[in-house]
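Asks: This is the feature table in TrEMBL:
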TRANSMEM  41-61  transmembrane segment
TRANSMEM  98-115  transmembrane segment
TRANSMEM  127-146  transmembrane segment
TRANSMEM  177-195  transmembrane segment
TRANSMEM  201-223  transmembrane segment
TRANSMEM  288-307  transmembrane segment
Amino acid sequence: MAAGVRKRARAGPPPRVAGLCEQWLRRAWQERRLLLLEPRYTLLVAACLCLAEVGITFWVIHRVAYTEIDWKAYMAEVEGVINGTYDYTQLQGDTGPLVYPAGFVYIFMGLYYVTGHGTDIRMAQHIFAVLYLATLLLVFLIYHQTCKVPPFVFFFMCCASYRVHSIFVLRLFNDPVAMALLFLSINLFLARRWGWGCCCFSLAVSVKMNVLLFAPGLLFLLLTQFGLRGTLPKLGICAVLQVVLGLPFLLENPVGYLSRSFDLGRQFLFRWTVNWRFLPESLFLHRAFHLALLATHLALLLLFVLCRWHRTGESILSLLKDPSKRKVPPQPLTPNQIVSTLFTSNFIGICFSRSLHYQFYVWYFHTLPYLLWATPARWLTHLLRLLVLGLIELSWNTYPSTSCSSAALHACHAVILLQLWLGPQPFPRSAQHSKKAH
């Protein structure tokens, strides 16, 4: 009898657990609309999408043919270093000379050994698949902290982009490696680990120089938070890491290393451009056009610094002062101020790039949802934002690019820039300045 009672007592919990599960599922179904629209559900939606991405990425690797573009060239360049060549001017692959900083060499040297001297392509694809999922995780952590983007948008950021899956697991470019390190550094900035964040940022730059497009925004954040005296040690971390990584090559041929790995004047081929196809090739290659783009880039950055980011009412030179000595004491930077400044800085650089190649899409792809949804504008509805995302995706998937696809890409960029300029400021005007103006 007692034994029977004990058996019935043990049988009690499973129905209770089943009831709780049923209650949770019913609540999730009732709040399904909120699940897609409320940013507080970002992590739940992100978990589901990451699980789906495991299957999608596995399917892409095993069902879609791998396309060789730069992987063999990467391996040949790395093999030259392994064989004892430290002169950057002597390192080259099938597609040309080595033009990436030293961090690239060390990371892809590791991949060289793991993949059997670069011959095991399937192993490399699986490594890049893990890198893709890690990148998604880092991006979702950023979006979770900003709490601005409705979760339904993340479906278009994950499962709907053929080009991004291709860049990661079908082409094996180095751009995803640099961006993964960049997103790691942003997570560290959000955690107030500025020193470690600068270290990861510099490591990302050492893989590919495009990460420097985030540098103006990062410099502004550092000056806002620490002033000039506190910023210099952070910049020192970035510089020292570059020197340490490049030391073997700097000792061999410093001019050759710097001119190859940080070549700001490198000429791009017109046939690969995604954003300037509607221009005559002679104008695309003209130095005056490049200088005009650079001047516009710098001018727009300056406008954002003066009118959108620095809104304390003090002179811009006040950023050089110690924060405690400023007339308006700085408030701790919010996640949205950090992310908005960095993403906007990068986006302005991309809008005025001399050329964008297909693999460059990952330079800003994961930032587009934030740029479109974080600064709400009444004239830009959810449907119009999705249309902008779709047109950008279509432009990057048009191969070879056409005048129409390039023009559409610029039109979409213009819409995003206009919204960033007209939308609510990430740095609100200080209370003291508002009282003074009143």
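Just so you know, glycine gets a Cβ as well, placed from its N, Cα and C.
Owing to the predicted nature of the structure, the values given are computational and were not obtained by experimental measurement.
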Asks: Restricting to CB pairs under 8 Å, which listed stretch, 41-61, 127-146, 288-307, is in contact most with the transmembrane segment (201-223)?
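Replies: Stretch with the highest Cβ contact count: 288-307.
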Asks: Apart from its near flanks, which chain residues at least 6 from the ends of the transmembrane segment (177-195) lie with a Cβ under 8 angstroms of it?
Replies: 104, 107, 131, 134-135, 138-139, 141-142, 145, 201, 203-205, 207-208, 210-211, 214, 218, 221-222, 225-226, 233-234, 237, 335, 338-339, 342, 362-363, 366
Asks: Sequence-remote contacts (6 or more beyond its ends) of the transmembrane segment (98-115), Cβ cut-off under 8 Å?
Replies: 74-75, 77-82, 88, 91-92, 121, 123-124, 127, 174, 177, 203-209, 242, 245-246, 248-249, 257, 260-263, 266
Asks: Under 8 Å between C-beta atoms and at least six residues away from its ends: which parts of the chain pack against the transmembrane segment (41-61)?
Replies: 34-35, 122, 125-126, 129, 132-133, 136-137, 140, 143-144, 147, 149, 151-152, 154-155, 158-159, 165-166, 168-170
